[in-house]
């Protein structure tokens with residue numbers, strides 16, 4: 001077992017007959033269809049880096065009262081979601097090593113129970129991470145387009161209700177997914193959720209970028225002589241590309257994998273794609289490493305608090 005325990009449930013298609021599946025596997029067993037051998041150490045290292053990064057984000061937000069606002073609470077919840085990815089990864093690696101070396105001896109029923117716990121943990125983190133990425137986009141949208149009314153729209157009470165609702169929905173949906181993971185309907189719901197979040201972020205961030213560019217052009221026209229703000233527009237475009245690009249690159253392959261499971265489980269091309277499942281999991285873990293760099297560490301106030309946390313200046 002060289003992959004995250006929870007998501008390995010979705011590694012192979014189940015909605016194909018055994019004969020057709022074996023034929024497709026044999027037909028796709030050469031060349032690049034062999035997949036990519038990713039060592040467990042890479043999963044372990046990325047998991048540790050992600051865990052440390054996101055722990056620092058959570059500690060900094062809890063420490064600094066200036067960061068006790070809905071925006072940073074959402075970022076804190078995103079960090080916790082990413083931590084769940086790391087914790088489940090590290091827990092499985094430790095669990096595997098103890099079993100393989102005979103240090104831990106457990107009955108098969110207990111092993112399956114532990115598997116289910118890790119399953120729910122990672123699936124809950126997937127749903128909650130996607131949800132909080134969408135909530136952060138909505139929060140930024142309100143900040144820009146309804147700046148004067150932001151504090152009346154995004155109150156602390158509404159933020160708490162939003163966070164609690166997401167965690168509850170993530171827990172329930174992960175339970176349903178683990179119980180009925182062989183159902184195409186459940187997978188289609190998960191795929192639809194991902195596409196919804198992708199479109200939501202795409203629309204909101206492009207609208208925010210368009211407004212910022214229009215605002216720069218308005219300022220330029222009012223100045224004499226007019227000044228072009230290509231640098232600001234380029235920076236905004238780069239930021240937008242990073243936000244959406246990282247989201248799509250890190251999450252897209254895994255959800256495309258789910259789409260292929262539903263649509264073409266025995267097709268040779270699809271079977272080749274399935275063999276790269278571990279790579280898709282690495283990308284998801286990489287996303288939990290990158291998220292703090294995009295959403296948290298860019299804040300000067302948070303970086304200052306992080307330095308205090310690291311140097312134990314409490």
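Backbone N, Cα and C define each Cβ position, glycine as well.
For reference, TrEMBL has these:
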TRANSMEM  42-62  transmembrane segment
DOMAIN    53-295  domain 'G-protein coupled receptors family 1 profile'
TRANSMEM  74-97  transmembrane segment
TRANSMEM  117-138  transmembrane segment
TRANSMEM  159-179  transmembrane segment
TRANSMEM  185-212  transmembrane segment
TRANSMEM  233-261  transmembrane segment
TRANSMEM  273-297  transmembrane segment
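Below 8 A, the CB atoms of the transmembrane segment (42-62) and the transmembrane segment (159-179) form no more than two pairs separated by six or more positions in the chain, fewer than 3 in all. Away from its own ends, the transmembrane segment (185-212) comes close to residues 10, 127, 130-131, 133-134, 137-138, 140-141, 144-145, 176-177, 232, 236-237, 240, 243-244, 247-248, 251, 255, 258-259, 261-262 of its chain (Cβ-Cβ under 8 Å, at least six residues beyond either end). Summarised as a single figure, the pLDDT of the domain 'G-protein coupled receptors family 1 profile' (53-295) averages 82. Remote same-chain partners of the transmembrane segment (74-97), defined as residues 6 or more beyond its termini with a Cβ less than 8 Å from a stretch Cβ, comprise 1, 4-6, 40, 43-44, 46-48, 50-51, 54-55, 57-58, 61-62, 103-104, 114, 118, 121-122, 124-126, 128-129, 132-133, 135-136, 139, 159, 162-163, 166-167, 284-285, 287-288, 291-292, 295-296.
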